Amino acid sequence: MSNVDAAEIAKFSELAHRWWDPNSEFKPLHEINPLRLRWVDTRAPLAGKKVLDVGCGGGILAEAMAGVGATVSGIDLSEKALKVARLHLYESGKSVDYELVSAEDYAAAHPGEFDVVTCMEMLEHVPDPASVVAACARLVKPGGWVFFSTLNRNAKSYLLAVVGAEYILKLLPRGTHDYAKFIKPAELARMAREAGLETEELTGMTYNPLTKVYRLEADTDVNYLMATRREA
């Protein structure tokens, strides 16, 4: 439980009731969710698989993965977000097992249980991302997949993800991101390697403010996704 930023938990808990409003502060998550789901599902087909979403928040990705036939669990440290996630299951009719627990504590209790682990838009919000990466590696079965997404750290990502997204375009509330916590792909790849995960693929995610469209492409300067696999 030590690897937690209380201010980050409080920030997202305050907005918890708005998780499932597609026009709220979480609009970007709703818009990128189909891209994230398709990207994961094409690399590690989810139907019939046991999947864990680390830092699941209100359950946007967790529910989507359940919707394509996965048996999904979601963990988070925001009690309010999890309450919203559980309530939304009544509306969607989907089945997800949510639990209030850290990745590290959950890994100690459930080592090697999951075919696929996702950890999306979460690493940049914790004090020790390497600890979360290591926990994800412990949670996945040998040969299983772990998928991450986070923000690169450079001048361009600061201008677009912080200044642009939070202050100019107002896609996100001010203070959503702390630039100092952004993670370069090479840094994340090293964390993964040290945890026993081999990086299989790196993909960028871009946003066009004119067309208001998100795309997956080669540009990893700002947002990126990383597919890793535990050694069999």
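Note that Cβ sites are derived from N, Cα and C of the backbone, with glycine treated the same way.
Remember, predicted model here, so these are calculated numbers, not experimental data.
Among the candidates Gly55, Gly59, Gly93, the one that Swiss-Prot lists alongside Arg36, Asp76, Met120 as binding S-adenosyl-L-methionine is Gly55. Here the binding-site residues are Arg36, Gly55, Asp76, Met120, and the one ringed by the most other CB atoms within 10 angstroms is Asp76.
Classification of Arg36 (S-adenosyl-L-methionine binding site) by DSSP places it within a helix.
In the three-state DSSP classification, Asp76 (S-adenosyl-L-methionine binding site) falls within a strand. Here the binding residues for S-adenosyl-L-methionine are Arg36, Gly55, Asp76, Met120. Their largest Cα to Cα distance works out to 19 Å.
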